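> From TrEMBL, for reference:
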type	residues	note
BINDING	40, 244, 246, 280	Mg(2+) binding site
DOMAIN	31-305	domain 'Pyruvate carboxyltransferase'
REGION	437-556	region 'Regulatory domain'
Ligand SMILES: [Zn+2]
């Protein structure tokens, strides 16, 4: 019998709000960020970080620009305690960065926490206890008053310990843990009682953090909870409302964004979303979402690859290749129509313009990624991606008619090898298909004169002997094809022609592309030479050679 049964679950009851205002708000500036990588993130690892890994990650967090960093749970873990001591004793905390530590609301743990902080210039002491119905009734077996007592006692003891160390600038933070599962009136009641102990003022605020410890509803419901709380709580102008969302329903970032619209001023999260279960809300995604809207995120992700490398190294966890903004594949287009659209937009783009490129919400170069990574060619790719790659890597600007012809060749190659086609492979394929037809005829020296008509007198090296051919017509290429046509006794007609200078390499060279109809068969070729006319004539000879090689194959 299957255990898959939705009737086992009940829906989260939305809160009744008549005049919610958050849906009309627009985020115009970044919230205050607090990284919890070294605490929440660390707690969730298979192998907790070593002190060395914590040191490396701390340096990265500082470099990215976090001004508040929760560095551990020193009363609960000796490595965390040692790490906090290292930060203080080795003077590792920059002038503009404040460290934060977490503690449960229990006297002995609070005392040990303050011990770890001895000598620090500034610190946030973050005290929490769980307030939800489930936790009250099933975990703590306490009524609401019992939970309030834990919170108030904790707040008092934090205040007491801080008064014993007046040389440090203390900020207090309280979290009603499992806030989202707590009746809203009760959450406000607990917080008000804690604030009555701390007596925060607008010039010395306390932080009230409202965690979605488990994400249990759609983000709009969380936003309602935040707005309702902000409207009801006392000391509103003396507290900084912080949110801390998890990603159980996959909406951790959305919930934090909507919470900011609903009045939250501060957001706790981790780089790339490491954290308990499905993770914490991902600061990279939320900050980059702001960035992509033209808002300064106050964090710097310029070297995204280094960030990804360091996070992976310290957490020993992989990063999904499609992780927003940071994944390996997120600036890569595989589908032909996407590649086509991207190429068109990039070609038209002027660097002073606002960013507006189809399929690319931000400019990958902002994060140290490159355009070359945008296009990868596989059997799903169209002519746009192929043309883009050849132009970027070889300088070949294929005309449309040749893009069509060449893309079918690249596609069958990709299907055959069942993999991504590198630009090197693509260049080899192009040369083999259009540029390697040197038998049976080869163009030697020639002269071009122009009176009423263009006249071409050219030496042609044939399979056995060399001959001189002559042709007269309007245009040198017509004169040449006429001579060639007569001598080989075939009907030769140049149907498409395109040439351009090649910028790759030191000597100026030209490449010519031709499509020639020979006795009813269309053949494409290309050739490179310093002289444009020579490259065009060589391309025509290459098509003639293709024709005779095909005929020979048919006869054989
Ligand atoms: Zn958490």
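Note: Cβ is positioned from N, Cα and C throughout, glycine not excepted.
Just so it is clear, the model here is predicted, and its values are computed rather than measured.
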> What are the non-local neighbours of residue 280 (Mg(2+) binding site), defined as same-chain residues 6+ apart in sequence with CB under 8 A from its CB?
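36, 40, 41, 244, 245, 246, 247, 252, 268, 269, 270, 273, 274 - these are the non-local Cβ neighbours of residue 280 (Mg(2+) binding site), listed in sequence order.
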> By DSSP assignment, list the helix, strand and coil residue numbers for the region 'Regulatory domain' (437-556), in that order.
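Result for the region 'Regulatory domain' (437-556), in helix, strand, coil order: 37 helix, 55 strand, 28 coil.
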> Work through the binding-site residues one by one (244, 246) and point out the residue whose CB has the fewest other CB atoms within 10 angstroms.
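Least crowded of the binding-site residues 244, 246, by Cβ count within 10 Å, is 246.
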> Around the recorded Mg(2+) site, report the further residues of that chain (criterion: Cβ within 8 Å of the mean position of the Cβ atoms of 40, 244, 246, 280; site residues excluded), sequence-ordered.
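Apart from 40, 244, 246, 280, the close residues are 36, 211, 213, 245, 252, 268, 269, 270, 275, 276, 279, 281.
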> Would you mind checking how many other C-beta atoms are within 10 angstroms of the C-beta on residue 40 (Mg(2+) binding site)?
23
